[in-house]
Amino acid sequence: MDSPSLQVNEINVITLNCWGLKFISTLRNERLTEIGQAIGSANPTPHIVGLQECWTQEDYKSIRKETKHILPYGKFYHSGIFGGGLAILSKWPIEESSMFRYPLNGRPTAFFRGDWFVGKGVAGARIRFGQGPKDIVELHAPYETEPNDSYICHRTAQAWEIAKLMRGAAERGHLVLGLGDFNMIPLSLAHRLISTHSPARDVWMVLHPDCSIGAAIDEVEKARRRPIPTAEFNLSENGATCDSVLNTWRWSKGEQKRLGPNRPEIEIAGDTPDPRAKRLDYIFANTCFDENNPSAGGWIVKDARVGMLQRHSKHQCSLSDHFSVEATLVHTKYASPTEQTIQNKSAVSNGVYLQTAPSESHLLSAHTQLKTSSSPPYLPISTYDEIIAMIHTYRLRERRQRRLRLGHFVASVFISIGCFVAVWWSPRNFVAFILMLLSSLGLGAGVIDGLIGGLFVGSEIRALKEFEWEISNARAAANGEPLDLAEEGIQDWLPSPTDAERLVGMEMELELERHAEETREMERREREERRIEVNEMDRARREAESRMMGWNLGVGMAYRHGETIGNNIEPVNIDHLLRERTLQAERGRLGQGERAVWQENGETRYQEMARQQNPLSRRREENRRLGTAGFSSMEIGSQEAEEETRGGGGGKKLLPERQETEEERTERLRLNEKSR
């Protein structure tokens with residue numbers, strides 16, 4: 001920064017929200033003309049003035065007419081569809097100006113807010129006074145209060161952009177001023193971003209570090225357990241510029257009707273409780289010196305005050321719904337406290353010397369204001385995590401909005417086609433007209449919604465990715481990590497597990513992971529149980545097959561060939577043994593008189609019973625009748641084993657019946673006689 005000339009060692013700055021909304025603001029022309037007169041007659045004389053909500057060229061020219069004798073230079077900024085409402089008045093020439101529009105600046109569907117249509121942003125101007133160029137950054141962020149702000153992600157991104165602009169200007173060695181209606185409370189997230197990531201300081205908090213951080217009815221201020229402030233205290237200590245009981249535009253409609261020409265003036269006492277007043281308007285200035293050239297000194301805050309308290313001379317209303325913030329900056333040399341200075345302060349405090357003027361302990365000394373921190377300031381890691389979580393949440397919402405809007409577009413196309421088709425079969429003309437009207441309106445709304453979802457939301461999501469990358473980079477620097485976050489890798493960026501617990505939605509992801517792990521474990525157990533069950537069934541099946549195969553092989557070979565099996569053992573006649581056991585059981589149940597009859601007919605009875613119980617026997621009988629009795633005993637045995645396996649081993653299966661030889665019949669009769 002070049003050394004300023006000796007004639008310019010003091011700069012007076014004013015910022016005011018004019019409330020100049022065309023067709024909406026009451027008494028707009030009368031009030032803005034009176035504002036111009038108040039600026040022109042202000043004491044001390046202002047050198048730089050920033051105006052917000054000055055929407056029309058007519059109002060701007062009216063103010064310029066009243067202030068041109070002290071502020072000959074001015075710039076009205078054009079932005080958006082309806083203009084940004086920003087203007088700068090200056091005592092010195094404006095060398096350069098720019099209008100920086102926020103990358104995240106509302107949505108076109110929120111027409112009742114108007115942020116996207118007016119192109120809200122930062123009006124910048126480079127003003128040269130004396131020998132050194134100075135940058136002035138002015139801004140306006142008219143959103144609702146932060147706790148209930150649906151645009152909180154946009155507002156945070158705007159505060160970040162403001163901090164970057166002021167930081168870049170300060171790095172060029174310029175005096176940086178940021179002034180305007182920020183619509184944020186002190187120490188809020190946006191306020192901390194600007195104060196930390198830019199060299200500029202809130203001039204009011206420089207002089208009043210213990211001021212309120214919101215209205216007395218806000219939770220953050222209630223937690224401080226302070227008494228409800230008076231209207232005068234809010235003006236002098238808290239710097240309240242909005243919602244004050246002294247501002248007539250915050251009165252009820254009935255009280256406002258009592259104001260007007262030729263009516264008695266209504267005064268509000270300074271000791272009236274003022275619980276709703278808060279500070280939304282700010283002036284930021286880089287009150288520090290150049291470390292590379294400390295002898296050049298720097299700018300410090302001499303005074304900060306709330307202004308524009310007077311009322312309209314005719315209508316008795318306040319000039320705007322906000323009061324102005326005014327500050328005086330002075331240039332001073334930087335000098336370290338010497339031992340003699342310390343001794344003099346000690347002597348004064350001990351009463352050796354008398355003070356010529358009362359000291360104000362809450363005012364920071366020039367040395368303290370000029371002193372800078374040796375390390376770059378950063379916010380706590382948790383704050384960056386909070387911003388990243390906010391971005392993730394907002395981005396998910398926008399993606400959902402995009403799907404809904406594109407779905408509406410597709411649905412409107414099909415509905416419109418359906419209406420066109422229905423017109424052909426419409427019995428009456430008025431029905432056809434209604435269908436055509438609905439089709440046209442529906443298709444138009446769907447096309448607009450599709451354009452917003454396909455084009456605007458896409459650009460908004462990309463801007464969110466850029467903002468996320470910058471915040472992630474700042475987080476890495478604050479945490480001492482290497483700044484190597486790739487632009488493509490930001491989607492896969494994940495914080496450490498400890499920090500992840502503070503991110504919104506992370507608990508849900510962990511719960512889903514736990515649920516998935518439990519599901520996988522249950523599936524693994526079920527698979528293991530099924531494997532064991534199948535193995536058991538397979539083993540039982542193999543054992544049954546092995547037993548049946550051995551049985552069938554032996555019996556089949558004996559039946560077919562009459563040969564010996566194994567170690568020349570005489571083949572066993574299984575049919576004979578089974579029939580013998582059956583006959584013995586039947587004899588036990590018969591009486592003495594029935595045995596002879598049964599003996600004669602027992603074999604026939606057994607054969608009939610065997611055929612009824614054994615399906616294979618019935619099938620063989622049928623095959624024999626059909627002349628297809630070419631079964632081998634091996635095949636019959638295999639079929640019996642298969643049936644026994646399918647039946648689960650329950651119940652005995654009778655072997656298939658075969659023709660008895662003469663030798664077997666003789667042996668059977670001999671055994672029967674012997675048993676009797």
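Just so it is clear, glycine is given a Cβ too, placed from its N, Cα and C backbone atoms.
What you are looking at is a predicted structure, and each value in this text was computed from that prediction instead of being measured.
The coiled coil annotation in TrEMBL covers 505-547.
The compositional bias 'Basic and acidic residues' annotation in TrEMBL covers 654-676.
Mean pLDDT for the domain 'Endonuclease/exonuclease/phosphatase' (14-287) in the predicted structure: 88. TrEMBL lists 14-287 with the feature domain 'Endonuclease/exonuclease/phosphatase'.
What TrEMBL records for 601-676 is region 'Disordered'.
What TrEMBL lists as transmembrane segment is 406-425 (among others).
The annotation transmembrane segment is assigned in TrEMBL to 431-457 (among others).
Within the chain, the transmembrane segment (431-457) has long-range Cβ neighbours (under 8 A, six or more residues past its boundaries) at 107-109, 398-399, 401-406, 408-413, 415-416, 419-420, 422-423. For the transmembrane segment (406-425), the residues of the chain that approach it from at least six positions outside its boundaries are 432, 435-436, 438-440, 442-443, 445-447, 449-450, 453-454, judged by C-beta separation under 8 angstroms.
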